[in-house]
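Peer 1: The following block contains the structure, expressed as structure tokens.
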Amino acid sequence: MSQKNQTLGEFIIENQSSFKYTSGELSRLINSIRLAAKVVNHEVNKAGLVDIIGNYGETNVQGEDQQKLDVYANDKFIQTLTNRNIVCGIASEEEDDFISINSQDENNQNKYIVLIDPLDGSTNIDVNVSVGTIFSVYRRVTPVGTPVTIKDFLQKGSQQVAAGYIIYGTSTMLVYTTGHGVNGFTLNPAMGTFYLSHPDMTFPDEGKIYSVNEGNYVHFPQGIKNYIKYCQMEEGDRPYTSRYIGSLVSDFHRNMIKGGIYLYPTTSKDPNGKLRLLYECNPMAFLAEQANGKASDGFRRIMEVEPTELHQRVPFICGSKNMVEKAEEFMQSL
Ligand code: AHG
Ligand code: MN
Ligand code: MN
């Protein structure tokens, strides 16, 4: 049960027994993410002060320029999870391949793997706009005590045991689920402590916000174009209003609180969409479903998409249930 002034640490301990497997391993994992989040938050807050912004001079595996903070956040999350010997494998949007941890050590009995987008919305750093971190946790499918393989990472989203995000916004929040609803914790920077501020977060069934990069409009599939026109039409509670931050975490967070839909469809430039199934779409889909929302590629439930490669991309429609269903209707009616 949530209580007033409950800290994230207390919440984790109190809810440990509701996890399917109660070895305490998942609690330790969430605790390490909490720790890394605080370190990255400190750095994100300083971004305007020190010469840490700008391109790092490298290109990531998706051919995009890496910003310094991408690299920093990537290193911090990997270091924290590795040093504390919490997981047996990690995959990151910023790494070409997955990382196997202590693969030679038969005593490594860790069961969990983590996938992360260490810094989401990284183009917003230079302009002081919210960014985030997204994480996703699975139980390995190969035997414990052996090196992890690609099979452990290419699991359907429906197999996730936990997922969440950190939003480095006007306040810093950690929002996560272990399959028992979604809870949000706000960092008190003076204390360095996350407090339960948003218990049982849910998307309203209906919303009035649509979030899409309309600059790509001419390249969208006809179903998406028709849905956008529907959003703009004057009828009933429409027109809806448009809000697009360009950071999935921030757009999702606002839509969950206010009611809305986020769309990143296929375009002629990105024929499979832009967002990554494993690092971005699956964790957000798990959170959305746990919060009374929905996530789809227009035709299928995101968490049922069979992954074939680590950096796979997928079209993504996510948010308030009735809005996602309406968008699917437009996609499927052609
Ligand atoms: P990342 O910074 O991890 O590469 O992710 C950016 C993603 C997502 O957060 C955002 O919603 C979307 O890309 C924005 O893309 P456009 O600039 O093409 O709209
Ligand atoms: Mn991202
Ligand atoms: Mn990223």
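Just so it is clear, glycine is given a Cβ too, placed from its N, Cα and C backbone atoms.
Whatever TrEMBL says is automated annotation, not expert-curated.
Pulled from TrEMBL, these are the listed features:
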type	residues	note
DOMAIN	7-199	domain 'Fructose-1-6-bisphosphatase class I N-terminal'
BINDING	Glu93, Asp117, Leu119	Mg(2+) 1 binding site
BINDING	Asp117, Asp120, Glu280	Mg(2+) 2 binding site
DOMAIN	204-332	domain 'Fructose-1-6-bisphosphatase class 1 C-terminal'
BINDING	Asn213, Tyr244, Tyr262, Leu263, Tyr264, Lys274	substrate binding site
Peer 1: Nearest to Tyr244 (substrate binding site) by Cα, among Glu93, Asp117, Asp120, Glu280 (binding-site residues)?
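Peer 2: Smallest Cα separation from Tyr244 (substrate binding site) among Glu93, Asp117, Asp120, Glu280: Asp120.
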Peer 1: I need the nearest neighbour of Leu119 (Mg(2+) 1 binding site) among the binding-site residues Asn213, Tyr262, Leu263, Tyr264, Lys274, using C-alpha distances.
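Peer 2: Checked the binding-site residues Asn213, Tyr262, Leu263, Tyr264, Lys274; minimum Cα distance to Leu119 (Mg(2+) 1 binding site) goes to Lys274.
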Peer 1: Please compare the binding-site residues Glu93, Asp120 by how many other CB atoms fall within 10 Å of each one's CB, and tell me which has the fewest.
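Peer 2: Per-residue Cβ counts within 10 Å for the binding-site residues Glu93, Asp120 bottom out at Glu93.
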Peer 1: Return the member of Glu93, Asp117, Glu280 nearest to Leu263 (substrate binding site) in space, with distance defined Cα to Cα and candidates limited to these binding-site residues.
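Peer 2: Closest recorded candidate to Leu263 (substrate binding site) by Cα: Glu280.
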Peer 1: Long-range same-chain neighbours of Tyr262 (substrate binding site), Cβ under 8 Å, sequence gap at least 6?
Peer 2: Ser211, Val212, Leu248, Asp251, Phe252, Asn255, Phe316, Ile317, Cys318, Gly319
Peer 1: If I take every residue in the domain 'Fructose-1-6-bisphosphatase class I N-terminal' (7-199) and average their pLDDT values, what number comes out?
Peer 2: 89
Peer 1: Where does Glu280 (Mg(2+) 2 binding site) sit in the DSSP three-state scheme?
Peer 2: helix
Peer 1: Which residues, same chain and not among Glu93, Asp117, Leu119, have a CB within 8 angstroms of the centroid of the CB atoms at the recorded Mg(2+) 1 site?
Peer 2: Asp70, Ala73, Asn74, Ser92, Glu94, Ile116, Pro118, Asp120, Ser122, Thr133, Ile134, Tyr279, Glu280
Peer 1: Please identify which of Asp117, Glu280 has the densest Cβ environment, defined as other Cβ atoms within 10 Å, among these binding-site residues.
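Peer 2: Per the Cβ count, the most surrounded site is Asp117.
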